[in-house]
Amino acid sequence: MKFFAVFALCVASVSAANLDAIAKPGFPAGRIINGHEADKGEAPFIVSLKAGKGHFCGGSIIAENWVLTAGHCLIFDEFEIVAGLHSRNDESDVQIRKVTGKHQQIVHEKYGGGVGPNDIGLIYVDKPFNLNALTRDGTAAVAKVNLPTGKYESTGKGKLYGWGLDNSGFSPNILNTLDVDIIGYEECKNALNSDDPLDPVNICSYTAGAIDGACNGDSGGPMVRITPDGTELVGIVSWGYQPCASTTMPSVYTWTSAFDKWIEDSIKNYAQLL
């Protein structure tokens, strides 16, 4: 029987013994299968969303006051945004911003909750991120990622980033990354079942027959493409088939290019309320 679930919380590998336990709708651990440690400073735009002491979603800095994430991640009234985090054991270069209520959060008005289209949200931070700060070794601690301009294709070779559990079930200290093949809506639709909740506002990562093309990344985390003009945020981790360890189905992302006007209008409208 097939089940859908929104990617959640972390990057993990699940043993065969655990498959039955997670084969149900919900928010199981997301994962980067066959990934590797990212270089320090490789993804200065990624943030960790934390409630209490726990990481629950990823996100991306798109401006000094704004973070872009998945709509399904915005479930808490209060949480922290941790930027500049590379190693869990070293927070010397991080910038922490507090979210104190729903007034700082914008979820797309057509997102219906759970698995489905329009899974996108914005977070406003009162204290801007310092985008000019450098780490002790001279790398950029925190930076924004570019939104797609339309100059470059959203499909092709891409990269994912995220934290979470490793193959042994322990939390890795270092940010993880994975190279992926990004495909468009039509190709993804052909690879999924006809009744799957895929929409033209989605793109996917997929390598036919490969498990590492499924269930990747932190919910809300970035899928990017490296262009001659810099790194572009082309997708936001949204949902995929469960159980992850046995599926070769595509992973599904919110396609950021489909929401460029929504992002622009939401930021402008929010500014009028300040």
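Each residue, glycine too, has its Cβ placed from N, Cα and C.
Copied over from Swiss-Prot, here are the features:
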- H72: active site, charge relay system (ACT_SITE)
- D119: active site, charge relay system (ACT_SITE)
- S219: active site, charge relay system (ACT_SITE)
- C57-C73: disulfide bond (DISULFID)
- C188-C204: disulfide bond (DISULFID)
- C215-C244: disulfide bond (DISULFID)
- 32-268: domain 'Peptidase S1' (DOMAIN)
- 1-16: signal peptide (SIGNAL)
Of C57, C188, C204, which disulfide-bonded residues are close to D119 (active site, charge relay system), meaning a Cα within 10 Å of its Cα?
none
Quick one, of the disulfide-bonded residues C57, C188, which Cβ has the fewest other Cβ within 10 Å?
C188
Minimum Cα separation from C57 (disulfide bond), reported as the residue among recorded positions H72, C188, S219 that achieves it:
S219
Report the nearest neighbour of C73 (disulfide bond) in space among the recorded positions C188, C204, S219, comparing Cα positions.
S219
In sequence order, the recorded positions (H72, C188, C204) whose C-alpha falls within 10 A of S219 (active site, charge relay system):
H72
DSSP-derived structure type at C57 (disulfide bond), helix or strand or else coil:
strand
Can you see whether DSSP assigns D119 (active site, charge relay system) to helix, strand or coil?
coil
Can you name the residues of this chain that are 6 or more positions from C204 (disulfide bond) yet have a C-beta less than 8 Å from its C-beta?
I182, I183, G184, Y185, E187, C188, A191, P250, S251, V252, Y253
